[in-house]
Amino acid sequence: MSSLAIGIVGLPNVGKSTLFNAITRAGALAANYPFATIEPNVGRVTVPDERLGALSKVFTKGERVPPIIPTFVEFVDIAGLVKGASKGEGLGNQFLANIREADAIAHVVRCFEDGNVVHVAGRVDPLDDIETINTELILADLAGLEKRLQNLQKKAKSGDKDAREQAALAEQLLAVLGEGKPARAGSYDAPIPKEFGLITTKPVIYVANVGEDNLTEDNEYVQQVRDYAAAEGAQVVKISAQIEGELAEMPEDEARAFLEELGVQESGLDQLVKVGYETLGLITFITSGEKEVRAWTIRRGEKAPEAAGEIHSDLERGFIRAEVIEWDKMVEAGGWAGAKSKGWVRTEGKEYVMKDGDIMNVLHNM
């Protein structure tokens, strides 16, 4: 699958662009006024995976070290949002078009006090910030779906069965949205078609942006966000955008030591990427040998031929069977030859469901 895209959203001056700068080192403008991010910026960040380094050591022969090719997450810094964005206020139209392209939404919420950084509403109120953006997204979905329903009803009157079924689904969705709830909060008679273009079906991760003092302990604002997220089954990642910016400028060993000083085990970015994977139901499988060690992203539940198709479409079409082994068994065995001699390499067919951390070698007739 193509790389995962997470849209970073938030009201002006909550730390959204500061976080994006830290994530991608892309130097996006992060000025202290609304609409500093006029064009959406897209950056790619590697998915942290210590398994790849361990496997690269296994397949190192003398001075020949197999290159590590990780999988990526795309972060899209989407223009700041204000009340009325669903009607085109501020940069609303641009915001809504860009957020529709994301797989998931990382909603940055301000959970810190700082008199030098002006909040757009003049106060720190994370729940009000969340409701403001959620309301705009719901209103945008309502407007788009009402137009679509009118077209579907016209087609249904002419005897179009598919249009009639989609119209019924649209009415169910409108009922949920009309109650001020996101579309993902409802249950429906049929899957929601992608062409509906709904924003509020996307999973949301709440990013609680805190100061350094609250990295290890929650303040009242973070707890409010956690309670809100728990009620809708969403996850929260606590992060200090300012600290992430400092980490981004450090060599890896210095960054690790700095995190230890702060009393945290991993960076907020690493947490955000992992939660993004979990939220979207993604896993990683690996192809491994002396030429390279590469990670591949697939959806949980995909079978071996589908996974092979991520490597190359010919491998899916010509799939015969796959040699599969857990990554840690490969490390223990010291390579393919050792793993096969121990009987740890399994032969799996077309119905095999891939597991996170599987190493796969595809046997095919193409």
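Cβ atoms here come from the backbone N, Cα and C positions, even for glycine.
Some features that TrEMBL has for this protein:
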- Asn13, Val14, Gly15, Lys16, Ser17, Thr18: ATP binding site (BINDING)
- 135-162: coiled coil (COILED)
- 4-259: domain 'OBG-type G' (DOMAIN)
- 281-364: domain 'TGS' (DOMAIN)
In the chain carrying Gly15 (ATP binding site), residues 6 or more apart in sequence that have Cβ under 8 angstroms from it: Val108, Arg110, Phe112, Asn209, Ala241, Gln242
DSSP-derived class (H/G/I helix, E/B strand, else coil) of Ser17 (ATP binding site): helix
Taken over the domain 'TGS' (281-364), the model's mean pLDDT: 96
Counts by DSSP class (helix H/G/I, strand E/B, coil) across the domain 'TGS' (281-364): 26 helix, 34 strand, 24 coil
For Lys16 (ATP binding site), the number of other Cβ atoms found within 10 Å of its own Cβ: 30
